[in-house]
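A.B. asks: Once you've had a glance at the structure underneath, I'll fire off some questions.
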There are 2 protein chains.
Amino acid sequence: MAAALVENGDAVAGVKSPAPATGRVASVYSEVQASRIDHALTLPSVLRNPFKIVDGPPSSAAGNPGEIAKLFPNLFGQPSAVVVPSESDSNESQQKLKIGVVLSGGQAPGGHNVISGIFDYLQERVKGSTMYGFRGGPAGIMKCKYVELTPEFIYPYRNQGGFDMICSGRDKIETPEQFKQAEETAVKLDLDGLVVIGGDDSNTNACLLAENFRGKNLKTRVIGCPKTIDGDLKSKEVPTSFGFDTACKIYAEMIGNVMIDARSTGKYYHFVRLMGRAASHITLECALQTHPNITIIGEEASSIVTWCKPAFDYCLEGKKEKCETLVSPLPGDRVALKKLTLKNVTDYIVDIISKRAKLGYNYGVILIPEGLIDFIPEVQQLIAELNEILAHEVVDEDGLWKRKLTDQSLQLFEFLPQAIQEQLMLERDPHGNVQVAKIETEKMLIQMVETELEKRKQAGAYRGEFKGQSHFFGYEGRCGLPTNFDSTYCYALGYAAGALLHSGKTGLISSVGNLAAPVEEWTVGGTALTSLMDVERRHGKFKPVIKKAMVELEGAPFKKFASLRDEWALKNRYISPGPIQFVGPSSNAVNHTLLLELGAQV
Amino acid sequence: MAAALVENGDAVAGVKSPAPATGRVASVYSEVQASRIDHALTLPSVLRNPFKIVDGPPSSAAGNPGEIAKLFPNLFGQPSAVVVPSESDSNESQQKLKIGVVLSGGQAPGGHNVISGIFDYLQERVKGSTMYGFRGGPAGIMKCKYVELTPEFIYPYRNQGGFDMICSGRDKIETPEQFKQAEETAVKLDLDGLVVIGGDDSNTNACLLAENFRGKNLKTRVIGCPKTIDGDLKSKEVPTSFGFDTACKIYAEMIGNVMIDARSTGKYYHFVRLMGRAASHITLECALQTHPNITIIGEEASSIVTWCKPAFDYCLEGKKEKCETLVSPLPGDRVALKKLTLKNVTDYIVDIISKRAKLGYNYGVILIPEGLIDFIPEVQQLIAELNEILAHEVVDEDGLWKRKLTDQSLQLFEFLPQAIQEQLMLERDPHGNVQVAKIETEKMLIQMVETELEKRKQAGAYRGEFKGQSHFFGYEGRCGLPTNFDSTYCYALGYAAGALLHSGKTGLISSVGNLAAPVEEWTVGGTALTSLMDVERRHGKFKPVIKKAMVELEGAPFKKFASLRDEWALKNRYISPGPIQFVGPSSNAVNHTLLLELGAQV
């Protein structure tokens, strides 16, 4: 805990940058930070010995291969690559390389290790190479803002959280001018390769960049790396995105603590909102780690499930009416979930709270994904109508304007707590639109649950006491010290990216697999980014996208959760994972989602 | 991380209780929880070998000894006790004991270990003794609700967080009827002793109970134990309250993560509110662990400091005007801090943000104690006036009611963001009073800072970009797995409490000292609770109180902080403590506050 204070050197190499570039100095580290620097990183065996890279069969696309082929004429169909043992290194060429790296989008624990992995590959296998870190995300490429990465500069960042070694940014390289700027930088720095560390959008962008460079006959190759704590960039070949493991464990630590608090005081319902605007993987993983009483998974909003009773009311497929009598559909019964409404969610929570009250439990823990509201179709509809009305109509105090709302939206609007109504009417973004993202879903739900419970109390159907306590666990999970898993996984991703670039590959995403096995046995390769793509129509044009991986209601993680949630609801099965440990047996645990998806846990 | 699910047995012994008594089962533990159960607890050498208990000199009181003597005729003046090595145990008497234990007030990590310590003392030194855990706090004593504690019941709670073994409560034993109920329980269970684990109020209560039992010639003796994450129950003999170490480390982990996030994105000011309504020890300790850019310490609100430049504007003692020219008072200059106002706090924050913007930093981390508002005299004044007005006047829409406010209060009211104004006017407690506790100070400050920065921007004095992000770290720190320090400290406190009761002591608080030394060398004893007391006049009567230990502006922790905060403000000295480790060198670190107060750190 003792930490001497020394001057933080401004570690700027390469180019003078207007923003301050403050490199880290290990001597201002906490003991835990310092102990992590020298934590030994194991590489998969295949990367530790001589290897060669072999191509698989030609690839296609995740959807609409015809359109993808048109969008990526130079890259479409290229095979994925696999690193395999070899008598001698296939990359005998010792021509020095110049490689750039960029961090794109939100932080995820482990990003620094990807950079270390690339760097160490170059140090060990292509001596004399140069590595540049583009500063502040893709804007750094366009503006040619970079630092030259040296062993001294990189060293203190090993196994450390954050993206501050070179910082990140959310700019995109999209317009022809921006592609031109990227080309200029590639030429100016004589880049042999570029590694883009980012999420689904950034990897789509990486592929467009690869296509563009190839089309222009530039030598610069582009390799992507899968990053996002949200866990929604994954596929068969890319089993997980880095950062998810650490972030979930940080949130689960806090949730576990709050659970024991709830049980100790016996008087609070803790409503915990968790990061994850698009997909609910974080919420699901945290539920598997901690066993909360109630967990809302956004993806249940409008899905057909065939395997078990969903949480919310449902009806037999094809029939429109509610089938409240169908309490226990048989396995294989085809059951269609009605579109989720806020009222459904509220009722689901209130039902469980009422049942718990009868058992003597007036406390509990409820997990909610950040993106819940975005999942609910009726909310989207209301927002759209409000945007329209607010843009064109006078909002009178007597509420006559509400007549412009459709029946369904009016009903929903009236159902919302007054504070949320006011927030929707008053807080707009610069374009005059309602700001859904600013709604604190957990607080909104507390108010709605409170109102509903009060009604039931009046009706004599509920006799408990309800006190809601809200939490948002978000930023504190993005920059924690990476777990041993994320540290090792990222290092392998980076090392592999170096190998792929060295062998002349472009348009691939670094892929490390067989992750349930010991690190030595992990597989290594690169997956054609075009093979992960589909198209979306935007403004009349086809745009390539790597589709976000949502929580699969037929997938093993959700199924396990769904099979246990009724038990967790009424009995208290709380598990407190405790703080992440870096030493000892628990330090090498891997998240449930990954193990379940790999079939390594049941 | 794998954790089998088994039925949670309802572990009820002694008496049937209406609330569900769900004992823990180790088989539903996470790996980290499970690994902690068998973590070996070291006792101070003096407790491991034969010992005797010797009395010190007669004690007095912290203030008004005459009044304390009148309030505690049977206990006042009794000596503190020290445990010293002996040829043979002085407590040779092997008469079985019946001992009760109660947890009182908010949770603090380590409470279960205090109970384990008492229990193990009895198991090892007074075989055949019985131990009862009163359920749900002091109410459990009054209603005689208890469980008999057995080795099987206690075992899974060793080194575990929370208070759920017997739960806690906030009731007080105050009225003659309540004292009578407590007596009845003591007699009914034939109690030889009672250990009260609690904060300042609960230990005051413990002493009153001890006095009452002694006065009634009951054999039941009462020993207190110092508990509170807030760290505000301490004295020379009681160097720290348990739970503070763990809670601060949990908060510091999160703050460290948020700091790296701030540095990585470069665009947010994170306003972090931390628990601690009365004193700012937690905020100060977290600052020492993490080095935030700005830290507000509530105790600076209205104090005279003699040693260094305070954060806010100040004037030479005796002079009323602002002395802005006195930039660097010499050490020893007597400088009087003006009463702190919200405007001061806002200006202080805005000044630093402006300076940082000039250096290119548009991000930072700001720590705020939960109790900040309570520290600011003008806020208290405004609340008092509002309560008066709201009780008696019509609040008209035109705001004529505001004329009833004094000038100062009106000025403050107008200075507050509109949302806060509305909150003050609308949200009342059942007595119709304004609810200060519900104000989210961190959000209020963000709004005030935003407004002030906008003004400066208009005036050309600020050119940065400001985005505030609010956090409240509270409940997640109260029930974490206790650190090695808290685990060991609590076990010693409990073991000592057992020894004190066994030797016939009453009205003492278990005291373990020399905490900067290895555990073997810790000192053990009991401090006369009356010696920690002063009186307060309430409703015309003298009431005994153990005064809360506030952050001493002349104390080593604050002085160290104050000597560094200017540097932390403009240079980024962030330290990320990382998650609490239970194994390895960092696992035995002790918090800075304690080490500085003991002179073991500079």
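Any Cβ shown, glycine's included, is placed from N, Cα and C.
Note that the structure is a prediction, hence the values are computed from the model and not measured.
Per TrEMBL, the feature domain 'Phosphofructokinase' maps to B:98-315. Positions annotated as diphosphate binding site by TrEMBL: B:GLY106. Annotated Mg(2+) binding site per TrEMBL: B:ASP200, in sequence order. Residues or ranges marked as site 'Important for catalytic activity and substrate specificity' by TrEMBL: B:ASP201. The site 'Important for catalytic activity' feature in TrEMBL is assigned to B:LYS227. For B:THR228, B:ILE229, B:ASP230, B:LYS267, B:TYR268, B:MET275, B:GLY276, B:ARG277, B:GLU370, B:TYR475, B:GLU476, B:GLY477, B:ARG478, the entry in TrEMBL reads substrate binding site. According to TrEMBL, the feature active site, proton acceptor maps to B:ASP230.
I'd like to know what surrounds each of these features in this structure.
C.D. replies: All chains included, 22 other C-beta atoms sit within 10 angstroms of the C-beta of B:GLY106 (diphosphate binding site).
Shown in sequence order, B:THR228, B:ASP232, B:LEU233, B:VAL545, B:ILE546, B:LYS547, B:LYS548 are the residues of the chain, 6+ apart in sequence, with a C-beta less than 8 angstroms from the C-beta of B:ASP200 (Mg(2+) binding site). A helical conformation is recorded for B:ASP200 (Mg(2+) binding site) in the three-state DSSP classification.
Its own atom aside, the Cβ of B:ASP201 (site 'Important for catalytic activity and substrate specificity') has 17 Cβ atoms within 10 angstroms in the protein chains shown.
A sphere of 10 angstroms centred on the C-beta of B:LYS227 (site 'Important for catalytic activity') encloses 32 other C-beta atoms.
For B:ASP230 (substrate binding site), other Cβ atoms within 10 Å of its Cβ number 27.
Mapped onto three states, the DSSP output places B:ASP230 (substrate binding site) in coil.
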A.B. asks: Where does B:GLU476 (substrate binding site) sit in DSSP terms: helix, strand, or coil?
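C.D. replies: DSSP assigns B:GLU476 (substrate binding site) to helix.
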A.B. asks: Could you check the recorded positions B:ASP201, B:THR228, B:GLY276, B:GLU476, B:ARG478 and tell me which sit with their Cβ under 8 Å of a chain A Cβ?
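C.D. replies: In terms of proximity to chain A, the recorded positions that count are B:GLU476, B:ARG478, given in sequence order.
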A.B. asks: Just the number: how many Å between the Cα atoms of B:ASP230 (substrate binding site) and B:GLY106 (diphosphate binding site)?
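C.D. replies: A Cα-Cα distance of 10 Å.
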A.B. asks: Near B:THR228 (substrate binding site), how many other Cβ atoms are within 10 Å of its Cβ?
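C.D. replies: So the number of other Cβ atoms within 10 Å of B:THR228 (substrate binding site) is 29.
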A.B. asks: Between C-alpha atoms, which of these recorded positions comes nearest to B:GLU370 (substrate binding site): B:GLY106, B:ASP201, B:LYS227?
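C.D. replies: Nearest candidate: B:GLY106.
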A.B. asks: Among B:GLY106, B:TYR268, B:GLY276, B:GLU476, B:ARG478, these being the binding-site residues, pick the one whose CA is nearest to that of B:ASP201 (site 'Important for catalytic activity and substrate specificity').
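C.D. replies: Smallest Cα separation from B:ASP201 (site 'Important for catalytic activity and substrate specificity') among B:GLY106, B:TYR268, B:GLY276, B:GLU476, B:ARG478: B:GLY106.
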A.B. asks: Using Cα-Cα distances with a 10 Å cut-off, which of the binding-site residues B:GLY106, B:GLY276, B:ARG478 are near B:LYS227 (site 'Important for catalytic activity')?
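C.D. replies: The binding-site residues close to B:LYS227 (site 'Important for catalytic activity') (Cα within 10 Å), listed in sequence order, are B:GLY106.
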A.B. asks: For B:TYR268 (substrate binding site), just count the other CB atoms lying within 10 A of its CB, please.
C.D. replies: 19
A.B. asks: Relative to the Cα of B:GLY106 (diphosphate binding site), which of the binding-site residues B:TYR268, B:GLY276, B:GLU476, B:ARG478 has the closest Cα?
C.D. replies: B:ARG478
A.B. asks: Validating a neighbour-count step here. Other CB atoms within 10 A of the CB of B:GLU370 (substrate binding site): how many?
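C.D. replies: Counting Cβ neighbours of B:GLU370 (substrate binding site) within 10 Å gives 23.
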